[in-house]
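Please read the structure below before turning to the comments.
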Amino acid sequence: MSEVYPVPAETAKNALIDNDKYNAWYERSVKDPDGFWGEHGKRIDWIKPYTKVKNVSYSGDVSIKWFEDGTLNVSANCLDRHLAKRRDQTAIIWEGDDPNESAHITYGDLHERVCRLANAMTDLGVKKGDRVTIYLPMIPEAAVAMLACARVGAVHSIVFGGFSPDALAGRIQDCDSSLLITADEGLRGGRKVPLKVNADKALETCWSCKSVIVVKRTGGDVHMVTGRDHWYHDIVAKASPTHTPVEMSAEDPLFLLYTSGSTGKPKGVVHTTGGYLVYASMTHQYVFDYHEGEVYWCTADVGWVTGHSYIVYGPLANGAITLMFEGIPNYPTVSRFWDVVDKHKVNIFYTAPTAIRSLMREGEEPVKKTSRKSLRLLGSVGEPINPEAWTWYHRVVGDNRCPIVDTWWQTETGGILITPLPGATALKPGSATRPFFGVKPVMVDAEGKTLEGATEGNLCLAEPGWPGQMRTLWGDHDRFIQSYFATYKGMYFTGDGARRDEDGYYWITGRVDDVINVSGHRMGTAEVESALVAHPKVAEAAVVGYPHDIKGQGIYAYVTLIQGEEPSEDLRKELVNWVRKEIGPIASPDLIQWSPGLPKTRSGKIMRRILRKIAENDFGSLGDTSTLADPTVVDDLIDSRMNRG
Ligand code: WT7
């Protein structure tokens, strides 16, 4: 039995949703989805109101539509509709990498900046439906760029600033972006990130991309290509400060976001305007129990879905004050998060378990010497939070006062799906607890049999579903069906394993497919493998995840060299750097094991199950190895794993 943390009296008193309301709303959301979402869809402004609510089928060709005959503009919902009341209220608090740099941007300012960029983009020929790739650091211009795209009806695709030129190029090519918005350099932990240099390299192979807008962040020296490259500050200065938002259908795409799958190249997850905004704003309000005037801080990067839904779209649609942080948790000191909390009087703080674990290692003093009095609620996202990190977060950061919302969701889901609601849910450390409205978790075994009651299995989601769900994969609806709806008929398969306890609480146990979760970032094993085998000295590679104290999972690579090449420490470093260069630092292998051979079936399939066990140092339960073409390979691998200690 795990410890239970009841809803604190103080939280219960002011919370938007208590347990009775949760139960009643949840019941209605799954029994009468049209009625429920028909009502909640009105939380945003529609140009033409919808008359249809839900039109969803998880079978056959899979079609997901919400509010399909309604029209709206997402940027107008995040900006224009707030102006009467909030023109002078802060929308974004920006905290720079350098603690001496910060800014407050009001809804009025933000609106003007977005209008100017929308006009400048239009002048560059960007039209409704065009794709725009954004490769920016965590500066206000990132939010401005997203909203300007939404305003003109262009589909943005943000590529995390830590990705390599190759990774950026692949993502520009896949969706044929005609515009790239980047910066001279990024700044993280006092170090510069050569964004424009990377972008120039990427664009050598991207024929679709005709224009580049460059934000001056550091003032570093960069090369500007005449006719293609434009300084952001020049073009917005010339542009008009007013702009009429383009009317969009609820099912027009708002953005693409590439994420790793278990096979092949990254998938372009497509989110549309209406349902996504309803869901992002509703979850932001209720999961974080957001009250007027509160300062809310999500530490994610806008390069990931968390930044989309819970730094920009959800909070701004709600007229909230959202903090955007350019830096990292340990610069200039390991107290940075808590210094920022005190500096800006943050009430709600949302971060990732990996950050908690790395700060935990530094002891309590760097936390305890700060006040954190403003904090009211804490959140966690990205990977399972181990109970030890959870209780530390609760006790040390939250002074035993602040509930923690452990929010489970995915790039594909658009918003939070399984989570406590602060005023409704008693907490258990390590459990994401219960489903949000409209979400119907189903546990299935490997054969697809539905499991009832307290059980463990693969986590699927059944209809009716929620309006924020992805609609397709960019340019590949078949892959969409195959990846998510083919494994278990009529249901969305999440790729996660989970346990459901006697109280109906869900405990996410991690991916059951070939996706690794490194510090809350998804990496496909296939992507790292293809980067490794692209190295001239590598014959073959197999990559698996293994438990890592800070990152949750680390990347473990088995590498077979070509005939005549000898393993060496230098080559190990070379391969690590190679993968960093091919994909980006987040894909760097933590451990490389030289393996003269890999365990394969007689038909040549690599048996990853065995490689995972060896990487986990769990040699006792390798299971059946009799189907291997050469079982001695396994003994060799175990020997060399053990010899490395
Ligand atoms: C995968 C999705 C959701 C935004 C950030 C990651 C894992 C996410 C939790 C959580 C346990 C979690 C799952 C999921 N995950 N949140 N609270 N508890 N696991 O988005 O890159 O699409 O990754 O992250 O394995 O499938 P993503």
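Cβ from N, Cα, C; glycine included.
All TrEMBL annotations are machine predictions without curation.
TrEMBL annotations:
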BINDING   R188, G189, G190, R191, T306, N330, S519, R580  CoA binding site
BINDING   G382, E383, P384, D406, T407, W408, W409, Q410, T411, D496, R511, R522  ATP binding site
BINDING   V533, H535, V538  Mg(2+) binding site
DOMAIN    22-78  domain 'Acetyl-coenzyme A synthetase N-terminal'
DOMAIN    80-465  domain 'AMP-dependent synthetase/ligase'
DOMAIN    527-605  domain 'AMP-binding enzyme C-terminal'
MOD_RES   K605  N6-acetyllysine
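Averaged over the domain 'AMP-dependent synthetase/ligase' (80-465), the predicted model reaches a pLDDT of 98.
All protein chains considered, the CB of G190 (CoA binding site) has 11 other CB atoms within 10 Å. With a CB cut-off of under 6 A applied against ligand 1, the binding-site residues N330, P384, H535, V538 are reduced to P384. Here the C-alpha separation of R511 (ATP binding site) and R580 (CoA binding site) works out to 23 Å. Largest CA to CA distance in the CoA binding set (R188, G189, G190, R191, T306, N330, S519, R580): 24 Å, whole number. Other residues of the same chain near the Mg(2+) site, with their Cβ within 8 Å of the Cβ centroid of V533, H535, V538, are A531, L532, A534, P536, K537, A539, E540, A541, V559, L575, W578.
Of G382, T407, T411, V533, H535, all annotated as binding-site residues, the residue with the shortest Cα distance to S519 (CoA binding site) is G382. Of all the recorded positions in the record (R191, T306, V533, K605), the one with the smallest CA separation from P384 (ATP binding site) is T306. Using T306 (CoA binding site) as the reference Cα, a 10 A cut-off selects G382, T411 from the recorded positions G382, T411, V533, H535, V538, K605. Checking each of the binding-site residues G382, W409, H535 against R191 (CoA binding site) by C-alpha distance, the shortest gap belongs to G382.
Fewest Cβ neighbours within 10 Å among the binding-site residues T306, N330, T407, T411, S519: that distinction goes to N330.
For the binding-site residues given as R191, H535, R580, the lowest number of other CB atoms within 10 Å of the residue's CB is seen at R191. Under the DSSP three-state reduction, R188 (CoA binding site) is assigned to strand. Considering other CB atoms within 10 Å as the measure, the emptiest surroundings among the binding-site residues G189, G382, P384 are those of G189. A Cα-Cα distance of 43 Å separates the residue listed as 'N6-acetyllysine' from G189 (CoA binding site). Secondary structure at W409 (ATP binding site), taken from DSSP and collapsed to helix, strand or coil, is coil.
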